[in-house]
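Engineer: Quick one: this structure, given as structure tokens, is what I'll be asking you about.
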Amino acid sequence: MYSPRTERKLIWRERFPVAAPVLLAVIQMLSTFVIVALETASVIISPVRGTIWAGFWCSLIFTLSWVSMFALVCCYKSRSCATYVLLVSILCAIFAIILIVFDSIFINNPSRCYLTESICNNLITATTNNQFNYQDFLNKRAILSAQLAFAVLMLLTALIYILVYAIISALVRSRSGRVLVEHHHITELQPSQNRYPPRVIPINSLLKRLHSSRISHSIVIMALDTLNRKLAVCAAVFAGFAVIMAVISMATNYWTNDMEGNQAYWRGLFYKCFNSNSTQCEYIYSSSSKSAFILCLIGSVFMLVGAIFSGLMMGFLNFPRIRYFLAPLFLFIACVFITAGLVDYASYANINSHSSRLMIASIVFGYCALTIASFVAGRYTILTRNPKQYQQATVGGVN
């Protein structure tokens, strides 16, 4: 009889699809090349305006992602390699979100320099071709739009791999139903019987037999608490919606609606637009807006990591007890950062439009996910500290 760990490895290699990482790696590789090419074209048009060269430094993580997926195939679908690729995919998803947010901001006004004012002036003066005409404006916007589309594709490939990993982990759990029996309870096989492999007993049937037998202290059972896992996935869904709403909120320009004199205007984190005969928008050189954006962006990244840990690590995998607190910890940090960013923005402007309300909704969803994840982490801690009571309750409930 295989040990439980060996059995899980064998089932993993049997179930894990080779085509999935290969296809995703090819898509990520091509997307990375396109993102680098588009960033190069954007820098050629203007190395200062409408860029912070995010396509270059984000592509380093993207390259690590697709190289890791190709290496996974060479590892013969090893679970340890797949887990490493999972961590890289989480990092890839984070940097894809960062690139999406920056591209969404730059598309609104590609002619602006988004660095500090002194650095922008020095760079514009140092460049040989500092002219930026209307055709350059259109070309820059088209390039940024294309780069945004490929960044979204990169994010989808990373999330698809995370989903595949979660599904395979669940399948491995559903099929691994072996138990460990003490040696003195195993009857030695006769020589004529050694050619037959040991019979595998499903866990449900074993629980029924165990309930009516006297060897309960000889068998170690790892039972699954379906309520915990469903709640963990529910927390991941709440956190995922919070991430989506936070990204949309940061990328749109409707945080405040107000009047300035007799003229109505609306503004976001980077732009202020006036409603006149023709809508005019101006870039806001404000350290407060940038600090609010940075705080919300960091919070969104932590929210994404918390969602992945909640749904994947708590919902499908077994880890030492201390690691169950990682999901609520990341979600708590995310809620603190997003709340701080919203409070920072509210200190100098009203919060009365669609984007700011969407960020408030993101905080509400984040706190809901935090509450559920904390509850699940506490239940896991209690169960792992009292395994005998949990085992007896589980066995006693099967009749």
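Cβ coordinates are placed from backbone N, Cα and C, and glycine is handled just like the others.
Pulled these from TrEMBL:
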| type | residues | note |
| --- | --- | --- |
| TRANSMEM | 21-45 | transmembrane segment |
| TRANSMEM | 51-74 | transmembrane segment |
| TRANSMEM | 81-102 | transmembrane segment |
| TRANSMEM | 142-168 | transmembrane segment |
| TRANSMEM | 231-251 | transmembrane segment |
| TRANSMEM | 292-317 | transmembrane segment |
| TRANSMEM | 324-346 | transmembrane segment |
| TRANSMEM | 358-382 | transmembrane segment |
Engineer: Honestly, do the transmembrane segment (21-45) and the transmembrane segment (142-168) touch, with at least three Cβ pairs under 8 Å and pairs 6 or more apart in sequence?
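Structural biologist: Yes; at least 3 Cβ pairs under 8 Å.
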Engineer: For the transmembrane segment (231-251), find every same-chain residue at least 6 residues outside the stretch whose CB is under 8 Å from a CB in it, and list them.
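Structural biologist: Those are 97, 100-101, 104-105, 269, 293, 296-297, 299-300, 303-304, 306-308, 310-312, 314-315, 327, 331, 334, 338, 355-356, 358-359, 361-363, 365-366, 368-370, 372-373, 375-376, in sequence order.
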